[in-house]
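Engineer: The structure is given below, and queries will be raised subsequently.
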Amino acid sequence: MHGLRLVCSIGTLPLVILAYPAASLHTTSAAVDLDSLRLTSNSEYVNSVHVDTNRSVAVSAEEHYTDTAARLVQNIVPGASFRLIDDHFVGDNGVAHVYFRQTLHGIDIDNADFNVNIGKDGLVLSFGHSFFTGALPSSHLDNTNVLSPEAALRGARDAIQLPLTIDNVSTEAAEGRNEYIFREAVGAVSDPKAKLVYLVKPEGTLALTWRIETDMYEHWLLTYIDAETTTVHGVVDYVADATYQVYPWGTNDPAEGHRTIVTDPWDLSASAYTWISDGRDNYTTTRGNNAIAHWNPTGGGSYLYNLRPSDPNLNFQWPYSPNMSPPRSYINASIVQLFYTANAYHDLLYTLGFTESAGNFQWNNSAHGGRDKDYVILNAQDGSGFSNANFATPPDGIPGRMRMYIWIESTPSRDGSFDAGIVIHEYTHGVSNRLTGGSHNAGCLSALESGGMGEGWGDFMATAIRIKPNDTRTTSYTMGAWADNDKCGVRDYPYSTSFTENPLNYTSVNTMNGVHAIGTVWATMLYEVLWNLIDKYGKNDGSRPVFRNGVPTDGKYLMMKLVVDGMALQPCNPNFVQARDAILDADIVLTGGKNRCEIWRGFAKRGLGQGAAHSSLNWMRRGSTLLPTGC
């Protein structure tokens, strides 16, 4: 996978650097630019303020929150056909999240989604949707011009230039209507799949398409190919870009501290089986309910029998120093560090609301909701690339997959598993993709702007976690500086509240066409709000939040909680304005809106104040530094 080159802009020192993977395809996987094929977003989000003042969306509370949500959908889009998606859940803040998919002639409109958030009082809190409201075509199913699923697979392979051999493929009907599985395809990790769906095109019309799913390992693609003409209308990529001797939680990389021995580091309230059991089997290696970590030198898709360190006494202690070479000489330490960081983050996220019912990553959900059998597959020293990392997020019930690489910008080279910020960034892709639009709809950050925010959430969470006891709002942080052997890191600017160090604002996005650049703007805004809340409530430097009445008592964990809750509230493929409003709504639910002004001031400082707007006509953004009345 090719990297995205950015310019480091700390002070006056321009420098070309290699960033985390962009959306362009690796030559062993395909040969086209995926960014040019991203789906566009046409979602709208109606926040809690507008719901309270708009009588047209008033819906009385029904016996079950899903019935209340369905009544709202009927009121907003009368006459539309839709189905309830079975990943609805009640978050730990008491808000119920319900998801619907629009249908036509019994077929899904794959990018027409409706999410409804029901408050603790049983009434609608907020909602978002991208339902199609234009002229509905007659059924195409009797049209003899509709491609066969085999022809659609061939068309997708040729259009995306996938290294997929399908000469001897056989086709089997799957459980769903107009769904098929292709057996004996060579070059994919798993059998490709096809499903007949409608797709809303950017110009606002519907197309009947075959959705071809191909897991090529480096890219896990949903290709929407016209069911009659083989034109590609869009692509979604699921890949975004005991005792343990480790760099402890909060130590971002070897430049920040030293390894230490931690004993039984799990949080039993989040990992009831510890990190080395799944409730059925106990392990003496880096495998458990939340993750399975191993060496993957070939870069292949198999993992169950890969090398992983083991000790019958559960002493996961192996030597490492940054001066060791080659990387193979410290692979056990690398695997243990990756396993530790991913598990520690799982436990923190659990306390912040990313639980089984919300779609988290666990092999055994213990009847707590959601779909299980989906721990995170952690590949240390993955041999498929260098100086990168990525995370594949399929729907709930299918394992996530993180690949960590060796970074070759230094001598000796450096192992990305020892840079906690990179691991946390990648894992956060799984969080934001599972929470936005529902855990069964992993394509809800597929538009350019929403995909950019996906990168930004990863950077923000990694940065918030590494904040030190003596840090203040004047403290700035880069991303990936140690791994990349560059003090500037892998982003255009450091995360800072200073316009001198980081001049980005909302309208900066107008000139950006890459998700990592857009994500830097979003994470910068979140960093501003973070320090406003820390200044108000102080900062908890422990590894877990302290709650009072369900609310973190400090500003750092409060902001992280609001970010996680906001992901669950926002619509599929949100823009900056909608995601900001979702965070404001999350604060209303959690604290009664006590932090309204601190949140507004942080966003307004960077141009996302009251009146800031995103045009769906020309995709341009109008900035504003205005604050609402009362702030």
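Here the Cβ of each residue, glycine as well, is placed from N, Cα and C on the backbone.
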Engineer: According to Swiss-Prot, which residue among N168, N332 is annotated as N-linked glycosylation site?
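Structural biologist: The candidate carrying the N-linked glycosylation site note in Swiss-Prot is N332.
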Engineer: Of the residues N323, N505, give the one that Swiss-Prot describes as N-linked glycosylation site.
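Structural biologist: Checked Swiss-Prot: the N-linked glycosylation site annotation sits on N505.
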Engineer: Swiss-Prot tags one of N54, N470 as N-linked glycosylation site; which one?
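Structural biologist: Of N54, N470, Swiss-Prot lists N470 as: N-linked glycosylation site.
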Engineer: Have a look around H429 (Zn(2+) binding site) and count the other CB atoms within 10 A of its CB, chains all included.
Structural biologist: 26
Engineer: Sort the recorded positions N282, N332, H425, N470 by C-alpha distance from N505 (N-linked glycosylation site) and give me just the closest.
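Structural biologist: Checked the recorded positions N282, N332, H425, N470; minimum Cα distance to N505 (N-linked glycosylation site) goes to H425.
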Engineer: Please identify which of N282, N332, N364, E426, N505 has the densest Cβ environment, defined as other Cβ atoms within 10 Å, among these recorded positions.
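Structural biologist: Most Cβ neighbours within 10 Å: E426.
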